[in-house]
Amino acid sequence: MLTRNCLSLLLWVLFDGGLLTPLQPQPQQTLATEPRENVIHLPGQRSHFQRVKRGWVWNQFFVLEEYMGSEPQYVGKLHSDLDKGEGTVKYTLSGDGAGTVFTIDETTGDIHAIRSLDREEKPFYTLRAQAVDIETRKPLEPESEFIIKVQDINDNEPKFLDGPYVATVPEMSPVGVIRTALPNMDREVKEQYQVLIQAKDMGGQLGGLAGTTIVNITLTDVNDNPPRFPKSIFHLKVPESSPIGSAIGRIRAVDPDFGQNAEIEYNIVPGDGGNLFDIVTDEDTQEGVIKLKKPLDFETKKAYTFKVEASNLHLDHRFHSAGPFKDTATVKISVLDVDEPPVFSKPLYTMEVYEDTPVGTIIGAVTAQDLDVGSSAVRYFIDWKSDGDSYFTIDGNEGTIATNELLDRESTAQYNFSIIASKVSNPLLTSKVNILINVLDVNEFPPEISVPYETAVCENAKPGQIIQIVSAADRDLSPAGQQFSFRLSPEAAIKPNFTVRDFRNNTAGIETRRNGYSRRQQELYFLPVIIEDSSYPVQSSTNTMTIRVCRCDSDGTILSCNVEAIFLPVGLSTGALIAILLCIVILLAIVVLYVALRRQKKKDTLMTSKEDIRDNVIHYDDEGGGEEDTQAFDIGALRNPKVIEENKIRRDIKPDSLCLPRQRPPVEDNTDIRDFIHQRLQENDVDPTAPPYDSLATYAYEGTGSVAESLSSIDSLTTEADQDYDYLTDWGPRFKVLADMFGEEESYNPDKVT
């Protein structure tokens, strides 16, 4: 701002002093006789035959800014050569500020500023002036343009545009880098300074105005201070039960620097605690956190002493000469005794016991001790969650382990369980150890042939041929190097057809002793083989092998071992045998089918539909003569072939007695039914024209249990007129039509039946 004001003042001096010419071409002008008065002269009119010069005299008017007078400020005067002072010329003014800022006297041409001006708002005004005839209102001169400039006065002090200003200065900067009244500034002493800067304007009409601003100077930190421990010895107390990796204490070194310059690195000086402890830096608090690397034991060592070094993580090479940027302190750790559980002498106990060991046999012992200062007795017991609580027992005081049941290695070869030891003084403090018991094998099972073999020998076999390789297996856990031996039983070794060759590698071969074998004489041979093991006590078993004689070709390839093949002619293949058997089966099926058809033709075929006559309705056109008329229809339709087949009674003779199924004795109310059936049976027995004895006569009779009573013709009244149908009206609306039909004849009208 100060530079701009000075430049404006310089330009004004140059223009105002006449050192510069205007930018527009300047016509010939007539200056006022008095130099202090701004006057523009207008030349008068001339003859048409003469060269006309411009009547306006171009000039600039100047007016002071910030004018505080009581009267309008006089700016200048317009005058034309045609104005003779007779009042015939009128002056007009137009342009910037005409009428509002500047006014003109129409008669004299005097220009005044009617308000205070500010050059900083508007430095100049462009106006136009003209002289006109008062009577004709015609211009006497062409309109001309002139400028009124506002002269600057020193009414504004210099200002700083962007204050307050902030400057950053590294602390401990040498004198001369920044000229200041505070050399060797220290940020740790004072972080920020405020400096008042004044700019004074020495020029201007008012003179000596000045502007001020405040500059905030902030000192940036440098790493010029080493870390320091507030004390030389730190005492820490740590329980011996502290877990590995846990923080057991904190120490802190103080660094007056800030930011990354205050970051501290801690290290344990190699010595007493280098293997047991470690230290890391807490990034938030810059403290050294001491952690445990190995477990502590009060009974082994009660105190530790070591040194810790604190140093700056970021060093500034400019301040190396100031000394080492690190500090050391001593840390003393006291181990506190804690009531601990008992400790076993081994982390794992392994024991062995033979199977079938008598119950109560001691197989081993465990030992646990209380290592605390006030030693306490220890009690032992088996963890109930393990599988050894039923097979083994432990002495609670001595820690001896004994068998509780007979062990079988073939069932369980190994037991794994846990034993817990607790302090008598504090049973809640317990420790646990794993027990591994291996059950040793006892040779109680003899070896046997590993798999069942199907051994065959050719009829043309030669003596000394090996026809089968056999191996043995033992259910006992065979120790390394155990051998099995093979031999024939004594009774088979008298006249042996085969023998056993022991290969001494737990295998043996079955060897032939004859020159050829015959299937016709003996198809199967049974060979008893004795197998022994090498354990103690020695166990052996006799295994009988079955050897089948087979037909082979000249190369020893088996062709057939079937029994049927002995009786077949030579050269008949298996396919031919299957074809013959298939033909025999077909012939047998044909014979069975033929016999079945013959028996079917002999059966009685009186009924062509279904055999059960109860499910059929038989139609005939003859009118029957009543219940006792049996000649009017075909009585053969009443036959039941099923009953005939089930009874299986001969047809050619009359049976002595007819066995009827047992029936429950009728009640007194059904005596009429029994009499009726008995009467019909007698009639059929004595009637020579009755159906054959093996026919079934069906009698239909309605009992007296129905509400409507019997609807059968049996036991019916003689005539329809004797019957009474009045009871139908008591049966409800469903039987109303029947009641009307069988009631009084005059009351029934068929037309009303719907």
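If you go along the chain as it appears here, the first residue is 1 and each next one adds 1.
The backbone N, Cα and C atoms fix where each Cβ goes, and this holds for glycine too.
Nobody curates TrEMBL annotations by hand; they come from automatic prediction.
Pulled from TrEMBL, these are the features on record:
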- 80-160: domain 'Cadherin' (DOMAIN)
- 185-229: domain 'Cadherin' (DOMAIN)
- 230-344: domain 'Cadherin' (DOMAIN)
- 345-449: domain 'Cadherin' (DOMAIN)
- 449-567: domain 'Cadherin' (DOMAIN)
- 1-25: signal peptide (SIGNAL)
- 566-597: transmembrane segment (TRANSMEM)
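Using DSSP to sort the residues of the domain 'Cadherin' (449-567) gives these counts of helix, strand and coil: 7 helix, 53 strand, 59 coil. Taken through DSSP, the domain 'Cadherin' (80-160) splits into 0 helix, 35 strand, 46 coil. Predicted-model confidence for the domain 'Cadherin' (230-344) is 85, expressed as mean pLDDT. When the domain 'Cadherin' (230-344) is classified with DSSP, helix, strand and coil residues number 10 helix, 53 strand, 52 coil.
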